[in-house]
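The structure appears below as structure tokens.
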Amino acid sequence: MVASRAIGCLRRFTNASRTLHCSGYISRNFTSSSALLARTHINYGIKEDVAVIRINSPNSKVNTLNKELQSEFMEVMNEIWASDQVRSAVLISSKPGCFIAGADINMIAACKTPQEVTRLSQEGQKMFEKLEKSNKPVVAAISGSCLGGGLELAISCQYRIATKDKKTVLGVPEVLLGILPGAGGTQRLPQMVGIPAAFDMMLTGRNIRADRAKKMGLVDQLVEPLGPGIKPPEERTIEYLEEIAVTFAKGLADKKISLKRSKGLMERLTSYAMGIPFVRQQVYKKVEEQVRKQTKGLYPAPLKIIDVVKTGLEEGKEAGYLSESQKFGELAMTRESKALIGLYHGQVLCKKNKFGMPQKEVKHLAVLGAGLMGAGIAQVSVDKGLQTILKDATLTGLGRGQQQVFKGLNDKVKKKTLTSFERDFIFNNLTGQLDYQGFEKADMVIEAVFEDINLKHKVLKEVEAVIPAHCVFASNTSALPINEIASVSKRPEKVIGMHYFSPVDKMQLLEIITTEKTSKDTTASAVAVGLKQGKVIIVVKDGPGFYTTRCLAPMMSEVIRILQEGVGPKKLDSLTTGFGFPVGAATLVDEVGVDVAKHVAEDLGKAFGERFAGGSLELLKQMVAKGFLGRKSGKGFYVYKEGVKSKDLNSEMDSVLAGLQVSPKPEVSSDEDIQYRLVSRFVNEAAMCLQEEILATPAEGDIGAVFGLGFPPCLGGPFRFVDLYGAQKIVDRLKRYEAAYGKQFTPCQLLIDQASANKKFYQ
Amino acid sequence: MPHDLARAALSGLLHRTNVPKEVVDYIIFGTVIQEVKTSNVAREAALGAGFSDKTPAHTVTMACISANQAMTTGVGLIASGQSDVIVAGGVELMSDVPIRHSRKMRKMMLDLNKAKTLGQRLSLISKFRLNFLTPELPAVAEFSTSETMGHSADRLAASFAVSRLEQDEYALRSHRLAKKAQDEGLLSDVVPFKVPGKETVTKDNGIRPSSLEQMAKLKPAFVKPYGTVTAANSSFLTDGASAMLIMAEDKALAMGYKPKAYLRDFVYVSQDPKDQLLLGPTYATPKVLEKAGLTLKDIDAFEFHEAFSGQILANFKAMDSDWFAQNYMGRKTKVGAPPLEKFNNWGGSLSLGHPFGATGCRLVMAAANRLRKEGGQFGLVAACAAGGQGHAMIVEAYPK
């Protein structure tokens, strides 16, 4: 839903993992081969007087900096430094699409104490310092992802050349895992790209494309990717990169190429300003303020990064290195880091299709309903090359949807991630229409019509009359049970739920819902389409509210009760964001739409009875009656005005709230209790979903909660939270609230079992 | 203006051939960068050259193979019985390309035109900003990829591992051969042109045989600082026009002409405009040979358009690669590279210049003249063009 903004940071994980498409690559013969010792990860040969070091970790799509690779690299470097024949070196990966994707996370995870991690960091620091001081120039030839430790290695080299390819991205994403660049990165980056840019890189973890990296001074030269020639494009491009790098290595050894980079006026001004201690202090202060505001102090890594950079700049390199390694050790042991790393693993898992290849690849897609959701689904489909029909009932509705798709693409043109020609080419994959023409070719139909069971039944019947036998019918609904929708189908095995989150082009999650009748091939097909659309996917069983909506509902019920107890919307928002939710609870209701919330609360209330009670539905009913539907109607708990960012409370709500007021129970109404009342109901319901096998794995539950509902990423999702916080403590809290409010807080059996057996969801 | 050059080419043709103006059924010209005032430059030039106002004329465009398109369109008209006598040609005026006002400026100017009251006009003028005056220059860049052609040529040369030295050597060869041909008076298809207010241009003025050392000093022009395509090994943009008389054989004989050559067969091809922009000749050559029932060995004179040394050499390597033929062209075997001793023996676009729209006729005439001079039956013309397109034609010497 609206959780997209704050967890936007996490979406970058995917970009990182998406870059890792490598195919086998045969290494070439050397002109004069010597020193060809068989090593596992690294080998090198000598071209005239240039040593070409090739990294190629066996049996893996990516190169990661692990212990073996590091020690082999040092061995090789020592040989090179000792050799009279070699005057310079080139460092290159033999895997197209990946230079070095980063340090081995498991190597850090295996450490038991901060000291162990600190030691790892210090080893890395020493190695890279030696490399930096090399008297023989080393050129890093970068093609594909160069992230984390990989970038730290590259910036320790004397020169960097990168391919100007979409797959070539540079960055230090450590902060997204709750740690920091621990191999000298915090010290070298500010020197290399300037303090502001270095902070930006380290604090956002963003991926930087090659052309941008060149402008920043992160790389020295760019090499254009080549088309087919004497060899396949990818292979020849790497070979060409190597040839160019060798030329530059020679030039550097002969001192024909200067290492000094000509800086632009702005750059010179910035670096001049950063030379003034007072200005630097102001920058630290400003950055720290911003970080505190954004993280609410819930994420320790960004603050430590600022600290380490500051130490290095103000107290010298040695102090900087020491601080870097120590803080790295401390961070690696934090709960936040464990939660974030857990999410990373979960995300990798949810980017795979465990149902296998579908029998027939979906090439023609049809989307019914050109509303916000329908057009969003169309947008993420056309740019992946799916031929997409967008069908609506009215020309106005259709036009609005087409415009939404075009705007989404055009925004990318403005950001220069697409050319206008590519935009037009992609937009051409979209066919807007009012009838069912062409549906006979559709491989999948996704309906995103209004949430009304009769309407859904109507379109299902209409569609089934025109689609081919193999075509999948997917329903995008947030609460209507899929088997109920499928009840009028002639072919229920082809019916499935695909629950997208709004805005579709920003939110990464896709919740796929299978009924008992849904065939495995249908599921495989839906997952394949979702993956193609760039989604992280959880597959859950059918039931009222599936997983995501079902978890959200009891929390929302508690939100209403808390409001009734006299906590104002602003206070409630700050309590929830203070706990790590990206969007405050009251704002969330406004964003989702009060009418939608009411619908869901009524439906699920009927299905689950008292467990979903708590707040009075009357509140939502009265709001709907007054037309306070949230952002879309301009008024909800807050007042929304076009173009105005700050929002004021809707004063007309005062009387509504006053009329429904209940007296709070002081023993469970502290700020902390309010936060935990919300979260514990969420967590309890999530555990219930696992217990009832709606969810297949806790990992999917965590990914769904974080990416779909904005559950605090620093807690890692409901299940990780239970593991890190302690199941017993959660059960105790639930029991305390149960004593005050009754059944709604009764801990589910699974949680009690976990607590009594002292078991964890993640081993 | 372009129609002046085109008119001169037409007058030259009339003068050389003595063809009565009124027997010409149709006139077709190729051009690339259009002068907006004479968008149908063929018609304006024909009227200016004194052709009958009853002779229709149209203009075609297909990047560097525009004149080829003009010729083959003529061939089509004759073959379908529409016409008997065609004049085909091409023209390009690179020294005065149309430079446009920016879109914002154009919009303001158009709106001003429509404004009715002084108030409306003033309010429009008040919206004027200095950046409206930034002009829009035509670029030699692909619309679909925004990549300039030189840049693409550099990448192509790298894909086929063509070295800087090979490129410089080839360019030098082109200039030397052009100089030799010029000195020996072989470039007989040139007519002098009097530039108003300036002296008369009597010969190709871009032929500059230099030395490899001199050429090696030049910096790369597109992929900096390590690319291989330089000003010296690229074709240069120049002004020029060409025209050619095409007739059905029986018509020519009936009128008492002795034809120079047959335009025997032709093909057009197209491929990926990004990575294979300049590989047209590689794709077109085997196709046109097959169509004409010939093999590479049957060809006595090759005339390829030299956009860049690197492009010519990359095409050679592609034509000589079984791997490329199998993986990209869907052919079982390679066609083979043309033997250099039969290739562009009188220079090419690198040394003679490349007026986009006019080059095609020059290629065909060079092939025809070489066949007459050097002997031999078949000539093969091939060229690449922006947009990732290509063309090839078989020219056959008319029996003596």
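Even glycines carry a Cβ here, placed using N, Cα and C.
Around the Cβ of A:Glu152 (site 'Important for long-chain enoyl-CoA hydratase activity'), a 10 Å sphere holds 28 further Cβ atoms from the protein chains shown. TrEMBL lists A:Glu152 (among others) with the feature site 'Important for long-chain enoyl-CoA hydratase activity'.
In sequence order, A:Gly148, A:Leu180, A:Pro181, A:Gly182, A:Gly185, A:Met202, A:Gly205, A:Ala301 are the residues of the chain that are 6 or more apart from A:Glu174 (site 'Important for long-chain enoyl-CoA hydratase activity') and have a CB within less than 8 Å of its CB. Residues or ranges marked as site 'Important for long-chain enoyl-CoA hydratase activity' by TrEMBL: A:Glu174 (among others).
Restricting the average to the domain '3-hydroxyacyl-CoA dehydrogenase NAD binding' (A:365-542) gives a pLDDT of 95. Summarising the annotation, TrEMBL assigns domain '3-hydroxyacyl-CoA dehydrogenase NAD binding' to A:365-542.
Less than 8 angstroms from the CB of A:His499 (site 'Important for hydroxyacyl-coenzyme A dehydrogenase activity') sit A:Asn476, A:Thr477, A:Ser478, A:Leu510, A:Glu511, A:Ile512, A:Ile513, A:Phe546, A:Thr548, A:Thr549, each of them six or more residues away in the same chain. Taken from TrEMBL, the feature site 'Important for hydroxyacyl-coenzyme A dehydrogenase activity' covers A:His499.
Look at TrEMBL and you will find A:Glu511 tagged as active site, for hydroxyacyl-coenzyme A dehydrogenase activity. Summarising the environment of A:Glu511 (active site, for hydroxyacyl-coenzyme A dehydrogenase activity), the number of other Cβ atoms within 10 Å of its Cβ, over all protein chains shown, is 26. Taken residue by residue with DSSP, A:Glu511 (active site, for hydroxyacyl-coenzyme A dehydrogenase activity) is part of a strand.
Residues or ranges marked as domain '3-hydroxyacyl-CoA dehydrogenase C-terminal' by TrEMBL: A:545-640.
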